[in-house]
């Protein structure tokens, strides 16, 4: 039919089938791409998700307008907390979401709290409303459903004088009020009469006309047409492509209202009317026994303070509005003190009251002890009443302020937390089981046994079983000088770096032409260097010791020594820089992993056994009894009555560890002025602190709701920061500790190092004595080439005749006689020895001169065989493979053919192993070489 828009206006309010059919129609129009200008009296039942998918403009006040008007009424009368009640009417989820969004928008100027959201499918669902202690209810349902819900609410006694019900348009419908509705109900309403419907037709046509005008006048749409040409069969489109563009022009119109006082007709991005007006209705008695809805005000969305209300008949036919909160009720609360949750302090002896920072008054005496006493006089006596303060007291004050109740704080008579003893509960749990108290407010831990007989709130703090120990200050580790490097680093330096540098320098020196030139010490008598002296050089350079050392002669070995010196500089710099951190005063303590540490759980497995305990009849005591029976039996003799007594026993070394609640110990260790206490290990059996109530108490949900609010707005976190801090200042403590003089045990590592070095020196002395007394003679026979001198120059000298002379010289040098005769003989003998020694030197020089002259003469007359022997003798050490051979003449040699007798036995290198060599020249002589 070429329809470019549909005006869909209906004023009947049959929520249910009609709502579903209307929603189907709107969705169908959206699928076809045809814009719809609607005015539906029951539009609140249309699901918003479906409405957004359709091309719809809604001229009637929306569900959001109704929730905004209802919350404006609550704001006017300062009703901060309320509950939402709905049936399964279409759009009930949208109603709850609209309420939450409006509450969030108003949070800056007025704080609302939604106590509960109840979906009523049966009458018993209202029990949740009763438990919430709500006094203001927002009701969204049909008129018939409201009759059933309010009749059931009357049975639960939540429709009396102190209860306010605020309803939506769907409950009021055509303003016919059943007699079962309670007097004083409030509601929001807009006119759905036929006259109102006719007026809205005019508005809808004007919106359509302005939209067409704007679409046609826009140059962009010059080639566009508002003809749909839709067809489900044959030619034509199944969806109007231009419809969505035309809908945007309709949505952006601004039409003058038919009433001059009202703002222009405009729409939001969702097609909802921006400005709406709702009537505020009040259910009051009419003629006879009838009830009528009467208009008492109006709400205008375009004004900030748009609510105008006149006289109201309140519930119970009262002329004053209800408080909107439960009437004040009194609770008897039992506690047991434990810092920082509840601490006790005496009240003012004159006034009997607590100062602002000392908490609230609480009774610590038994009830029968205060009977017959004057209350005022008893409160001045600290034996009967004291001031309670702490984390739990501040939290309780917040509960009392928000929930509006008074309370009486009473200390538990037996002073126990509550455990099963001979099948009966004691302490705090006993008070609840026997219904002597309404609730328990303290640091009470949740466990399965307690939870089976009482009801707990949500936990307000997490905790677990922890261990407190003491610090033993003023001790430096005996191995502190080794701790700057780990074991692998020390092994790398000691086993690899030092050995590699030592053998590299010695090898370079032995192979260097300017060093040993691959000769023994006997062939280089003026070279004072050996492997042990290389070690002495390495250690002296490493520790920068001011001692006398022998340096190598080779260029390569000297360069390697400089490389080692650079390494020593870097090593010492790193070592000394880190050593200071490890030589400071240590604080040692028993580092238990937790109460399941084998040293605690199996106390007899460690010698000596540790002394540890806890507070009996507590959660910790029952947990250990249940899971660690051996540990429980052992620690009975070490248990303490209170936590403070247990920590005092730690400080006096009567106990090695004290087991208790983690948060309590964390707080108390920060209260120690000397900072000698600390907690160790991980928490065991993690749980939480909670408020305990009698079984099936009506207060549980109420307190749970408040706890969630306190956690969400940060009140719990602020209380924790305020109460869980201590006065211990570790920085000041460390500063004072370092100013004290050091005791012997604080630098014990230096003495241990000295002692270890002395013992090692004694061992070396023993080895030296064993060498000179037992091994030197045997070694002297085998060390003909002076190889031992390469390892140790002193050892090499001790194996030669020259060394023996020097040894005797040194012996005589330091020997002293006891009488004058001996001393004169000693001096005479010494002078003779020196004279003999100088003659030996002179004879050696003459012998060398004569030897050189005779060799020159004999070389001229040497036979070929002798020259061969001479060549072999002079060059035998130059060949790579040395073997010993025996030279024997095949026929007698002439004396002149022999250079020296030693030519008969020498070292000779033969390239052809085990092959005899024959040399004959003119038959005068021949030599055969045999392999030894």
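Each residue, glycine too, has its Cβ placed from N, Cα and C.
TrEMBL: automatically predicted annotations, no manual curation.
Taken from TrEMBL, the feature domain 'Ionotropic glutamate receptor C-terminal' covers 372-726. As annotated by TrEMBL, domain 'Ionotropic glutamate receptor L-glutamate and glycine-binding' applies to 378-434. As annotated by TrEMBL, L-glutamate binding site applies to 450, 661. According to TrEMBL, the feature transmembrane segment maps to 490-511, 531-551, 563-584, 747-772. Here TrEMBL flags 675-728 as disulfide bond.
Sequence features, as recorded in TrEMBL, placed on the structure.
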residue : record                   : CB count, 10 Å
450     : L-glutamate binding site : 25
661     : L-glutamate binding site : 26
675     : disulfide bond           : 22
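Listed as Cβ neighbours of the transmembrane segment (490-511) (distance under 8 Å, sequence separation of 6 or more from its ends, same chain) are residues 482, 517-518, 529-531, 534-535, 537-539, 542, 552-554, 556-557, 560-561, 563-564, 567, 571, 790. On the backbone, the CA of residue 661 (L-glutamate binding site) and the CA of residue 675 (disulfide bond) stand 19 Å apart. Cα spacing between residue 450 (L-glutamate binding site) and residue 675 (disulfide bond): 36 Å, rounded to the nearest whole number.
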